[in-house]
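Colleague: Annotations for this protein, taken from TrEMBL, read as follows:
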- Glu61: site 'Important for autoinhibition of adenylyltransferase activity' (SITE)
- 109-269: domain 'Fido' (DOMAIN)
- His200: active site (ACT_SITE)
- Asp204, Gly205, Asn206, Gly207, Arg208, Leu209, Ser210, Arg211, Tyr242, Tyr243: ATP binding site (BINDING)
Amino acid sequence: MDIFHKIAFQPAIFQEIIQKLSQIDLFKGKWDLIENKEKRYLKELREIATIQSIGSSTRIEGATLTDDEVKQLLKSLHINNLDKREEQEVVGYYEALELILENYNEIDLSERYLHQLHSILLKYSSKDQRHKGQYKSLSNQVVANYPDGGQKIIFKTTEPHLTAGEMQELIEWTNHQLEEKKLHPAFITAIFVYEFLSIHPYQDGNGRLSRLLTTLLLLKQGYNFIAYVSFEHEVENRKDMYYRVLMETQKHRETDEELLDKWVIFFLDCLINLTGKLNAKYEIYNNLKVGTNDRQKEVIEYINEQRTIQIMDLAKDLPQYSRNTLKKDLQYLVKEGLILTTGLGRGVRYHAIEGLQN
């Protein structure tokens, strides 16, 4: 697989990429220190990121469940029959993601493990039972799915009879580059994801699996922060650009003009944006630790859970505190920038800020 001609960028592009990689590594070093001392808080962050990742990755492919609906579905798995396709996709993604988060050190980048992850991803999908865990037998395309049911063809992919060979080459190239350490691991991951999507090796589930593999590869290379923030959510927020960059890059596939600079920059920008969000969340957490008492933390947790409340909701669900005390707490938390407020008088509402709920 001749990938090096695809990364023969202009010096200015290389310089931009190096700066972005340095920015990511700077945060990685900071996060490694945080991870060693904030176990309890990071458990909560990971739970939030997991729900977001599941919801976003399935919505990118056309599902409609909100993050709250995903959370409720996972809470009640023992009583659900998973009759709806989007519910089947959510639970499959959850099990595959949890397997990666808990066992990434033992999961090699190999055809065997890719097939295994694909099987878990489609485990509950009734329409995919025949082809789960095996490469495609029919031609497929990369299609953008939209909530209104609309679709747009982004690009054509590798033909079925060539898929196994191209995947073997891609896996061998990626493992060799990661072992050789001449290229940055996040750079290698970006290239792997692009090539995986271009090959589109499975009949269905390729987009979801590509995002799971992004998490796997980054975790295996020590970028542990990816477990506490949702790469999938970032892609969902940039969905139009995601498909546009893929389409612009892939239109030159298998020609001398196929350069991956736009894709690599997009991929790294997603990671940089995630580091900023994660840093903001931690700063808010630090403010909570230093400037609030236990009762106020309880109020924050309640608002974060409910997203939007009024004083009457708080007084009803936290009856152990007086309404006046809770009102003073809300005023203090607004003043400190730890919650948001809208409306006036009896219509005032209090909202969790993005840093805590996202």
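Residue 1 is the first one shown; counting continues down the chain.
Yeah, the Cβs are placed from backbone N, Cα and C, and that goes for glycine too.
Not measured: the values here are computed from a predicted model.
Map the listed features onto the structure and describe their local environment.
Modeller: Secondary structure at Glu61 (site 'Important for autoinhibition of adenylyltransferase activity'), taken from DSSP and collapsed to helix, strand or coil, is coil.
Under 8 Å, Cβ to Cβ, and six or more positions away along its own chain, His200 (active site) finds Lys136, Asn140, Gln141, Val142, Thr157, Thr158, Asn206.
Using a 10 Å radius centred on the Cβ of Ser210 (ATP binding site) and all shown protein chains, the other Cβ atoms total 18. In the three-state DSSP scheme, Ser210 (ATP binding site) falls into the helix class.
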Colleague: Can you grab the distance from Arg208 (ATP binding site) over to Glu61 (site 'Important for autoinhibition of adenylyltransferase activity')? Cα atoms, rounded to a whole Å.
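Modeller: Between the alpha carbons of Arg208 (ATP binding site) and Glu61 (site 'Important for autoinhibition of adenylyltransferase activity') there are 8 Å.
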Colleague: Say we define neighbours as other CB atoms within 10 Å of the CB. Which of the recorded positions Glu61, Asp204 has the fewest?
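Modeller: Minimum Cβ neighbour count within 10 Å, taken over the recorded positions Glu61, Asp204, occurs at Glu61.
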Colleague: What whole-number value in Å do you get for the largest C-alpha pair distance within Asp204, Gly205, Asn206, Gly207, Arg208, Leu209, Ser210, Arg211, Tyr242, Tyr243, the residues recorded as binding ATP?
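Modeller: Max span of the ATP binding residues, Cα based, is 19 Å.
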Colleague: Fill in the CA-CA distance, Asp204 (ATP binding site) to Glu61 (site 'Important for autoinhibition of adenylyltransferase activity'), as an integer in Å.
Modeller: 10
